[in-house]
Amino acid sequence: MASVKIPKPLPTLPEDWNSESNFIVHAPLSPAVHRNLSPAGPHFLAHARRKRHSRTFSEDDRIQAQQNVKNVEDEDAGEISEAESPVLLSRDPKDWKNQDHYAVLGLSKYRYKATEEQIKKAHRKKVLKHHPDKKAAVGAVDDDSFFKCIQKAMEILSDPVKRRQFDSVDEGANRDPPSKKSKGNFYKGWGPVFESEGRFSRKQPVPKLGDDKSIKAEVEEFYNFWYNFDSWRTFEYLDEEVPDDNENRDQKRYIQRKNNASRAKRKTEDTARLRKLVDDALSLDTRIKKFREEEKKLRNAKKDAREAEEKRLAEEARIKAEEDKKRKEEEEAREKAQKADSKKAREAAKNAVKKNRRVLKGSVKDVNYFASGDATPAVIDRVLGEVELVISKIDNEDLQTLARNLSGTRGADAIKSTWVEAVGELVKKGNAKVEDFKVFTS
Amino acid sequence: MSGNASPSPPASPEIDDGTKTVIGIAFGNTTSSIAYTTPDGKAEVIANEEGDRQIPSVLSWVGSEEYHGTQAKSHLIRNAKNTVAYFRDFLGKKYSEIDPTNSHNSAHPLDVDGVPSFNLQQADDETVSTVSINEITTRHLIRLRDSASDFLGRKVTGAVITVPTDFSDTQKEALVAAAKAGELEVLQIIHEPVAAVLAYAARRTPEAQGVDRNILVADLGGTRCDAAVVASRGGMYTILATAHDYGLGGLRLDEVLVNHFSKEFIKKHKVDPGNERSLAKLRLEAEGTKRTLSLGTSATISIESLADGYDFHSTINRLRYELSAKKVFDQVVSLVENVVKKAELDLLDIGEVILSGGTSHTPKIASRIAALFPDSVPVNAPATLTTALNPSELSARGAAIQASLIAEFDKEDIEQSTHPAVTVAPHLSHPIGVVIGEDNSFQTILEAQTAVPARRIAQFDVQADGDVIVRICEGIREIVVEKVERQVNVIAEAAIRGAKRGGKVEVTINVGSDLGLNVAARVIGTQIGVRGEVKPEAGSAQ
Ligand SMILES: Nc1ncnc2c1ncn2[C@@H]1O[C@H](COP(=O)(O)OP(=O)(O)OP(=O)(O)O)[C@@H](O)[C@H]1O
Ligand SMILES: [Mg+2]
């Protein structure tokens, strides 16, 4: 056997290959499917030679070999095709608009769900049974009416457009909603209704009604879907026939207009019908109430929690306000006290200043204004003038110091030198000029 | 041409020296063909005395004279009640199981103890004989055999006959019995799509025949269309799926033209050519027009005295025809799509398409089918591939090839070779391959649906000095725009150490009939290599 050349290289051995052996087995092959080889061609005959060796296979071998072989031909349509009722058999083919095409082909169990393949098979089965040439052969009167029904059914069901038009008005596929009074299970009653309505949906798959265990999101999605239903259902199947002659144009146009109007009307009615149906289901759906109650419970729980929190917050605020008030009162008291204190101090300071000034003035008077005899008014004026000047220039602190120094000093010379020193300080600080002083200079 | 109408074959002029002379027969509802294999191994379709290679499967009687083929077919106009047509599918069936639709314009089948039969005048007096479907078939096969014997100059002793894949065992038994009654031994019955594959395979080298691929065969006949997906693995063929449409075929296209021309005739002459004889004429001529339209872009029709004494002459162009026939073409396309689906494959899994049967001459059908597949997929039909064989001849050629392969087998040999113990084989459910390249892509080495035991060898280049790994996997189909096989489970890994740049690694995978796996990987021309075995899963032995 020739080898096939592969254009791509093999991967390099991974670093982590840590097997002793150069061959690792991971899994066996998946099971095989048994099939029939076509017993033709040179390669098969070579295979047969190898397989046979010199053995002879028996009937038992045949049975055994054929046991699990996959069959590629279709099964008989038997199970998908139903027998016809006498009423069906006696149908008038001209009345095809009112014909149940699925029933005619024996597919009433399947209807819109029937696959193309099923339709073909069912049709063939009916043809084999009802072919008029077969009936004529056994001498039956020339009756091909049911065969015509079969052919009409096939014409419609094998054409996707016509089939949709028929499916749109196929009463047989409708499921009536359970009556209002019905005590039956909601899901069993309504599930099939929505399943059958779902056939008209452009969007597929259609969400299922579900059951008690469905969660809120699913139920909401379900009803949302149905309230926004996008339907392909049309009603031209119920059109009044438009005359096929060229003569009566006006009549033709009139019927066409009428048909268009009734299609639109039916569509509107159908939309309303579906809406009401969904409304009804929704009103009966106990899950809605359940979810509402659950929500209410949840909401109540939240409300309680919220109220407790509010209460807690109010209490907190109250306590805080009380504390604030207390603190404020204390503060005010303290401030008041402080204010009182500082007033006293100010008064004291004022008094002190007055007293100090008195000390300052007294100091020069005590030493008779530094005169050796009686001090003349001019001398007194000068000395007091300079004292006043110092008082006006000196700050409180220096004033106090000076007053203290003067009180502790006796004798005119000592007093005078204290003054000279103080004036010197003043001049040094730049608060007074030395020329203004005649007495208190050295 | 008086000899053609002879009720009994002429005294046989052929040599009967005990040597075996075997042919292939394609037996259709509409036409039949006979073929033989030349001494240098080429299959050739034989023309009968009238020069036809597609011989209408029609028999007709005028008095005691029996007509066959094209002559019999022309009797559908004046002698419809004594003409039997489209009968192949009645054989081996109960009356209740047959569909008589196509017999409407010829002798109607009757229920005679459940056996489909015909009331025919086969004598020069007025007597009516009841002729069973088996007897009709015997007559047909005798006429085919005699035509072949005439041509070959030797008595034909045996034949391989093709049937559709849905032919039941009962039908096959009836066919063998009908042939036997006509002193024709049926060596083997093979399926039409397999015969078509054989016809093409015979033109290829054994090597090319062994290339694995899935072949789609669409057999488009007169009354029915059949499709099959055939897995070709190492030159052996397994039918993976079939689909049938019993109401689709060349007759439907004839009908399209009949309707078209009827309307035109009514417009011109205000006369409806709706009576049986006019319609029969129109049908016959419309078929000819249809065939012309397969070659040219327009065709004429010409019928003398079609209805009420009016002649009819008209022309139709191919576009107009194709427009009217669109629905029929659509159905052919959907049959093809359907069979691929039934095989659980994607259109991209098909590697070759063979169009078989007379209706495959229709250019639009071939191009519509070709449009389903990538350009790289050959669609063997006259309109899409110049190298295509005549689609009308594929079944007969394939049958002739098979006949020559088993000509020397005795009955027992054939029985044993086609015994289910030989034909039934386990087939791989997933492809087996190796992971390669930087992207770790899956390279199939054994395709899915390969019958086991089987062996395949693959060769890889070594790009750099060092150690490489052979990772054997089962693949799963995953289709993205192009065909892609993704690995699913790793079956085994083999390390090859010390490979040299420029070298070649050869990997041999052997799958046993018990699904045990033997792997050998070696660097060609060196001692470097590794072997290993994967035991089958317990209980999966065949
Ligand atoms: N060149 C052509 N172009 C178009 N159609 C053709 C051509 N040649 C033959 N046919 C049509 O092919 C059909 C016959 O096909 P085929 O010979 O494969 O028949 P068959 O296998 O006997 O048919 P059946 O499906 O009835 O068993 C007829 O309808 C015929 O008109
Ligand atoms: Mg055929």
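The backbone N, Cα and C atoms fix where each Cβ goes, and this holds for glycine too.
Annotated compositional bias 'Basic and acidic residues' per TrEMBL: A:167-179, A:321-349, in sequence order. Positions annotated as domain 'J' by TrEMBL: A:100-170. The annotation region 'Disordered' is assigned in TrEMBL to A:167-188, A:243-270, A:321-354.
The average per-residue pLDDT of the prediction over the domain 'J' (A:100-170) is 89, rounded to a whole number. Within its own chain, the region 'Disordered' (A:321-354) is flanked in space by residues 396, 399-400, which lie at least six positions past its ends and keep a Cβ under 8 Å from the stretch.
Per-class residue totals from DSSP over the region 'Disordered' (A:321-354), listed helix then strand then coil: 34 helix, 0 strand, 0 coil. Sorting each residue of the domain 'J' (A:100-170) by its DSSP state yields 51 helix, 0 strand, 20 coil. As a summary of secondary structure, the region 'Disordered' (A:243-270) carries 22 helix, 0 strand, 6 coil according to DSSP.
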